[in-house]
Structures are given as C-alpha cells and as structure tokens.
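Peer 1: I have a structure I would like to understand better, so I am pasting it below and will then ask my questions one at a time.
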Amino acid sequence: MTCFAQVRKRPLNKKELAKNEEDIIETLSNSLVVHETKLKVDLTEYMEKHEFVFDAVLNEEVSNDEVYRETVEPIVPIIFQRTKATCFAYGQTGSGKTYTMKPLPLKASRDILRLMHHTYRNQGFHLFVSFFEIYGGKLYDLLSDRKKLCMREDGKQQVCIVGLQEFRVSDVETIKELIEKGNATRSTGTTGANEESSRSHAILQLAIKRSVDGKESKPPRVVGKLSFIDLAGSERGADTTDTDKQTRMEGAEINKSLLALKECIRALDNDQGHIPFRGSKLTEVLRDSFMGNSRTVMISCISPSSGSCEHTLNTLRYADRVKSLSKGGNSKKDDLSSTMNLKESTAQPLSSVLPTASTFEDDINNTWPDQNERDDFNVPEDSFEQEILMWKKNGKLDQYGFSTAVENKLRKPNGQTKWKEPIRSDIKHSKSDDDLNALLQEEEDLVNAHRKQVEETMNIVKEEMNLLVEADQPGNQLDDYISRLTTILSQKAAGITQLQTRLANFQRRLKEHNVLVSSSGY
Ligand SMILES: Nc1ncnc2c1ncn2[C@@H]1O[C@H](COP(=O)(O)OP(=O)(O)OP(=O)(O)O)[C@@H](O)[C@H]1O
C-alpha cells in the first residue's frame with residue numbers, strides 16, 4: 001500500500017478575523033511551519049516553531065479544482081487496473097474536511113465515465129455508487145433513508161455490508177443527485193463547541209465492476225474501487241470526559257477508529273505482518289480497500305488561526321505519524337508522489353496517464369495471479385492451522401501472534417502477499433488483536449497524559465512566579481505564603497508521581513507482550 005500525506009490550509013474565516021486571530025501557518029513548497037505563542041516562566045511571550053514536511057502542502061489559495069487535480073485525478077485511471085484507492089479528509093471540526101471532500105467524488109465520477117465511454121468503450125465496465133456513514137460504531141445507508149446496516153464476513157473472510165444500496169450509474173447528473181441526497185441525510189450532532197460538528201465518518205464509494213466475459217446475465221465483478229472518506233472531527237475523540245454519556249461513548253468510538261486507522265496505514269505502509277483491521281468498524285469496513293494493490297491519500301485539513309493552534313498541531317502530528325514510515329527509503333513511493341507536490345510539479349493531465357485498452361489487459365495478465373495459481377496456493381486450512389500450532393508450540397510466533405516465517409510462506413517470490421490473507425487474519429484475531437489495540441490505546445493515553453502534565457506544570461509554574469512576586473511585596477503574610485507553597489509543591493509531586501506510575505505500567509505491559517520498543521515502531 002502506498003500512502004500520500006497532504007495538508008490543506010484553509011483561509012481565516014469571518015469569525016476568526018472578527019476576533020483578530022492571527023494566521024500562524026507559514027506554508028512552503030511541501031512543508032509548513034506552525035508559529036506557536038508560548039509563555040516563559042517569567043510570563044514573557046516567545047514563539048515556538050514547529051516544522052512539518054509532507055508529500056504536498058496546499059495553501060489557502062489552492063482551489064478545489066487544483067486539489068482534485070493533485071490528489072484524485074492521477075488515481076482514477078489505475079482503478080481500472082484492479083487498484084483500490086482511498087482518499088481521507090482528517091482534521092478538527094470546521095477545518096475544511098467537508099469543503100475539501102464534497103466536490104471530489106463528482107469530479108472523479110465524471111472522469112471515470114469519460115474513460116468508460118472512450119478508452120474502455122464496450123468492454124463491460126459499469127460504475128456503481130454507494131454512500132454510508134459510521135456513527136457511534138454503527139453503519140447507516142445514506143442513500144436509503146439512513147437504514148441501519150450490518151457488516152458480515154463471507155466465507156472467504158471478505159467484509160460485506162448487508163443491505164447497502166448500490167446504484168448503477170451512467171450519467172453525471174444522477175451521481176450528483178445521489179451525492180446530494182447522501183450529504184443531506186448525513187447526521188451532524190450539536191455539541192457545545194460547534195453546532196456544525198460532524199461526529200460521523202461518511203464513506204462514499206465508487207466501484208468499477210465488469211461483466212464476466214462481457215455477459216450481462218452474470219453479476220459483474222469488482223475491478224477497482226475509489227473511496228472518499230470524510231472523517232469525524234478529530235478533536236471529537238477527546239469527548240471521552242464529557243458529562244453526557246452518549247457524547248462520551250461517541251467520543252471513545254471516534255478516538256478508537258482514528259487510532260486504528262493510523263495504525264493500519266502505518267502497518268500496511270511498513271509491510272508489517274499484522275494489520276489491526278479489527279480495531280474499529282471504520283478499519284474493518286475499509287479492509288478490502290487496503291489489501292492488494294491499494295493507494296491512500298490522506299488530506300489533513302487545518303485552520304490557520306492562532307485559536308486552533310493546539311488542534312492544528314495534533315492534526316499535523318497525526319498526519320506525520322501516518323506518513324513517517326514512507327519517508328527516507330521506503331521504495332514504494334513511486335511515480336505518483338512526484339505529481340503530488342503542487343508547487344514543484346505541473347499538474348498531470350488525465351489524458352497523459354490514461355492506459356490504453358491493451359495495456360489494461362496486459363496489466364491484468366502480468367500482475368495478477370490467475371485462478372489456477374490461486375487454487376494452487378490455497379493449501380487446505382487444516383494443514384495451515386496445524387503449522388501455526390507447531391510454531392506457537394515452539395514459541396516462534398511474534399508479538400502479534402504471527403511469525404514472519406509463516407507469513408513468508410504466504411508470499412509470492414516477488415514479495416506480494418498472496419491469497420492466504422483471510423486465514424492469517426483469522427488466527428491473529430483471537431487474542432493478539434485485542435492486546436495490540438489495548439496497547440495502542442495505552443500508548444496514546446500515555447502521550448496525552450504526558451502532554452497534559454506538561455501543561456499543568458506550566459500553570460503551576462505561573463502560579464509559583466506570582467507567589468514569588470507577592471512574597472517580595474512588603475507586608476506579605478508568611479502563613480499564606482507557606483500554605484500556598486505547600487499546595488503547589490504537593491500538586492507538582494502528585495503530577496510527577498501519577499505520570500511515573502502510568503509510565504511504569506506501560507513499560508510493564510510492553511514487557512508482558514514482548515514488544516521491543518525499537519522494532520515495533522513506538
Ligand atoms: N479552503 C477553503 N476555502 C474557503 N472556505 C473554506 C475552505 N475550507 C473550509 N472552508 C469553510 O470553512 C467552513 C468549515 O468547513 P467544513 O464544513 O468543510 O469543515 P469540516 O472540517 O468538514 O467540519 P465538520 O467536522 O464539522 O464537518 C465552511 O463554511 C467552509 O465553507
């Protein structure tokens with residue numbers, strides 16, 4: 001899987017301008033700098049600079065058309081070549097996720113239909129649209145009056161969404177109507193912070209299917225898929241302390257899914273044996289889009305305003321972790337990356353990357369195993385599981401319950417994972433999936449607790465500085481000074497002790513699970 005991380009900065013809005021909030025984001029070609037105002041212990045202000053590098057940085061002057069040209073247009077032709085592509089918008093509420101995502105599917109549909117009517121004319125391709133949302137861990141069909149859906153795995157461990165309406169479309173106008181209908185049906189909550197806040201993940205999928213041997217009588221098979229995902233507001237994961245139980249539970253679900261999404265992308269990009277798909281409904285649903293030939297584009301949306309600095313830094317840190325494994329030598333960064341940098345490349349017109357009809361057939365024949373090969377590979381499940389038991393007995397399974405050696409058996413000589421993936425996931429699901437998800441959550445909790453502790457320490461230090469200033473004033477009350485200093489010191493000590501305990505517990509858990517910090521990417 002190849003993941004491209006991009007950032008889009010929106011302009012300051014009216015509200016921010018009215019509050020005289022400053023633009024703290026400086027964009028350069030494919031990097032950006034966040035200028036954070038901080039306070040020294042003597043209460044004087046200073047500027048801290050945070051620099052991030054991504055595959056592309058789109059500033060406030062970049063239009064939606066340009067975003068499409070840079071992010072999705074180059075991917076459209078390859079979904080005719082058995083590739084699944086996923087485009088995410090990540091960021092805090094109001095950062096521009098919906099603004100960025102909304103126009104993309106329609107523009108992509110237009111190009112897909114153009115390809116179907118010209119390059120792939122009369123080759124049995126059809127375009128299907130579906131649109132659903134994940135809200136509070138449950139699935140709802142946005143094209144069928146928010147009908148509740150359930151997710152099942154079929155006999156081949158392929159995830160399918162039972163009852164999801166899929167519409168076969170052949171003209172842009174119908175697609176437009178469907179997209180508008182889905183958007184209107186999407187649920188938006190009303191939390192204190194922002195009425196517009198979106199607490200659901202909206203998933204719009206464009207599937208290219210092909211009639212087998214051109215026969216219309218048989219159900220067409222999926223050739224490729226393009227998914228557009230407008231994620232829930234990233235800061236909503238922090239609602240786990242809200243007084244309202246429903247909000248708290250939704251917050252926990254959002255938190256879990258965004259965490260699982262990050263870990264799945266990291267694991268896939270790093271060719272890790274185990275992919276924690278079962279960490280959330282979102283990643284389970286996306287499982288088939290991530291397997292095999294797949295592309296992922298993550299557009300992290302940020303507000304430029306000083307008032308959103310903390311959320312912006314959180315968004316950029318998340319994006320940074322998603323892309324970090326691809327940096328510096330991951331060979332899978334290919335030709336697409338060069339078209340992704342808006343400042344350094346001229347946009348590549350669709351026509352220049354279109355495959356011809358013959359290259360499509362050649363690609364299928366050259367890169368995908370045929371049915372015989374698949375059948376050859378599918379050793380009986382019994383013998384496979386026997387082997388797993390042997391490895392377990394000999395203590396050769398890794399911390400995810402899966403050994404590299406066993407995994408290698410599932411790979412083609414060229415390193416491409418073969419058709420045994422479903423069986424592999426079955427085995428790992430047992431306990432190791434839950435353990436890994438729990439560990440990931442604990443890691444995130446530790447980092448958050450650390451950040452909170454640093455913030456609290458800063459506040460305490462400010463209080464201490466005030467106390468010292470007061471202590472120097474004539475007529476200062478000694479009793480008051482002593483009691484306030486005692487409180488301050490106990491607060492400091494309690495904060496440190498709490499963090500030490502949390503850290504020790506986390507280290508113990510890592511040890512229990514045999515996770516070597518250097519090899520696990522922590
Ligand atoms: N690049 C941009 N240029 C101009 N206006 C923008 C841009 N990005 C966002 N906006 C405006 O900012 C507001 C918030 O954007 P949007 O609704 O897309 O945020 P969001 O991240 O989807 O929020 P939520 O999580 O609540 O859905 C909208 O009024 C939108 O029109």
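Backbone N, Cα and C define each Cβ position, glycine as well.
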Peer 1: Looking at 325-351, 352-378, I want to know which stretch TrEMBL calls region 'Disordered'.
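Peer 2: Of 325-351, 352-378, TrEMBL gives region 'Disordered' for 325-351.
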Peer 1: For the record in TrEMBL, which of the ranges 56-87, 248-279, 440-471 is the coiled coil one?
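Peer 2: Going through 56-87, 248-279, 440-471 one by one, TrEMBL gives coiled coil for 440-471.
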Peer 1: Ligand 1 is in the model; which of the binding-site residues GLN92, GLY96, THR98 have a C-beta less than 6 angstroms from one of its atoms?
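Peer 2: So the answer is GLY96, THR98.
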Peer 1: Taking each of the binding-site residues GLY91, GLY94, GLY96 in turn and counting other Cβ atoms within 10 Å of its Cβ, which one has the fewest?
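Peer 2: Result for the binding-site residues GLY91, GLY94, GLY96: minimum number of other Cβ atoms within 10 Å at GLY96.
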Peer 1: Going along the chain, which residues six or more apart from SER95 (ATP binding site) have their CB under 8 A from its CB?
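Peer 2: Non-local contacts for SER95 (ATP binding site): ARG10, CYS301, ILE302, SER303, SER308, HIS311, THR312, THR315.
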Peer 1: In the three-state scheme derived from DSSP, which category covers THR98 (ATP binding site)?
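Peer 2: DSSP call for THR98 (ATP binding site): helix.
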Peer 1: Look at the binding-site residues THR93, THR98 and tell me which residue has the greatest number of other C-beta atoms within 10 angstroms of its C-beta.
Peer 2: THR93
